[in-house]
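Novice: Just dropping this structure here.
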């Protein structure tokens, strides 16, 4: 395996559509909940330990070779609002396109054929990591990091926040990222005994509610 | 040189996600033309005019890349230049050039969805959100690109050059009717464009006038003839 593949996969410039999404930051900025670096950090920490942990668990399980279709159903069960299901599948489809061109594999082809409109993004991300020869923990890191790097970049654009401050926020979250990725990978290891119920199912109701509202905004900078 | 060329044999489709001229069933896909250029230069108006002129002879669809609204798509719908199912909008997250150049996945999916829903098309127009002079389309997304500027944006733009002005397959200088009012020197613009672009074509248009889009429509027809006759 090439550990360096993780840099390619987790790079914010990996062409899988993430740049058009704020991870819930746009409605949070509009509501005044994110207004500076400190509140961005609170937002990101909350998202990491909820949506981030769930995504990381799914990605780790997928990277470990568990049935992606079953994981896709587990992802649906953990994504109560339609707007976020749509977003996750849209991003999953875009990730699939990039992954199949980057690390082609029969497993990616099979999932693409079974879910032509897109599987949940963390499931595809995990399978991309697997195709790249990465470990489940690596996939968990990539998924967890993405749930905070997306809102941080988006907030730089939305609030004209100092980019150095936003990057420092991400650096301060590093210990939490370690814990989240480790917990996610450990949960994925329990699947053989407990099934997909072993995967984290933490939820952030406010993220769900504002995502659904945001989907109906007539004017917005980000797709989600 | 591909170090992983063994993968190319196992997964021949890996290089064809973007713009392979033929689909898996051997049919030739639609010609994809991108329209880019600064805000307000007339990209949407050019798309609308092209649709009106070409829709009776060609099967057309349009993808718009609005920056923060659906206004461009809604303008085309309101003007009824094409039936609603032939127009789709992509959201670009405050970064229009990213969606047409660095990460083209959302636009590719929009194009493919249109082709899936409508059946074989002749022409897909992909309109960028208004951007700066460096914004160009990826070759993975379009087969040819038009860069639209206008005389009122300053007659020094062709001289300044930049990737859009210099490399676009067609440079359109729009709103020539305004030249006398804004003191723009059309001959100077043509001269500068020639210096920047060499043999690449330039079209001067005034979309306000009847038949104003003709030079662009003629260029599109020419490209389409070349595309249809292209290597099998």
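Glycine is no exception: its Cβ is also placed from the backbone N, Cα and C atoms.
Automatic prediction, not curation, is the source of TrEMBL annotations.
Take a look at what TrEMBL says about it:
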- B:37, B:38, B:39, B:40, B:41, B:42, B:43, B:44: GTP binding site (BINDING)
- B:1-10: compositional bias 'Acidic residues' (COMPBIAS)
- B:33-202: domain 'CobW/HypB/UreG nucleotide-binding' (DOMAIN)
- B:1-28: region 'Disordered' (REGION)
Novice: Going by DSSP, give the three-state secondary structure for residue B:40 (GTP binding site).
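Specialist: SS state of residue B:40 (GTP binding site) = coil.
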Novice: Run through the Cβ atoms and count how many others sit within 10 Å of the one on residue B:42 (GTP binding site).
Specialist: 27
Novice: Can you give the mean pLDDT for the domain 'CobW/HypB/UreG nucleotide-binding' (B:33-202), rounded to a whole number?
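Specialist: Across the domain 'CobW/HypB/UreG nucleotide-binding' (B:33-202), the average pLDDT comes out at 93.
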Novice: Other than B:37, B:38, B:39, B:40, B:41, B:42, B:43, B:44, which residues of the chain come within 8 Å of the GTP site, judged by Cβ distance to the Cβ centroid of those residues?
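Specialist: Near the GTP site, the remaining chain residues are B:130, B:148, B:149, B:150, B:174.
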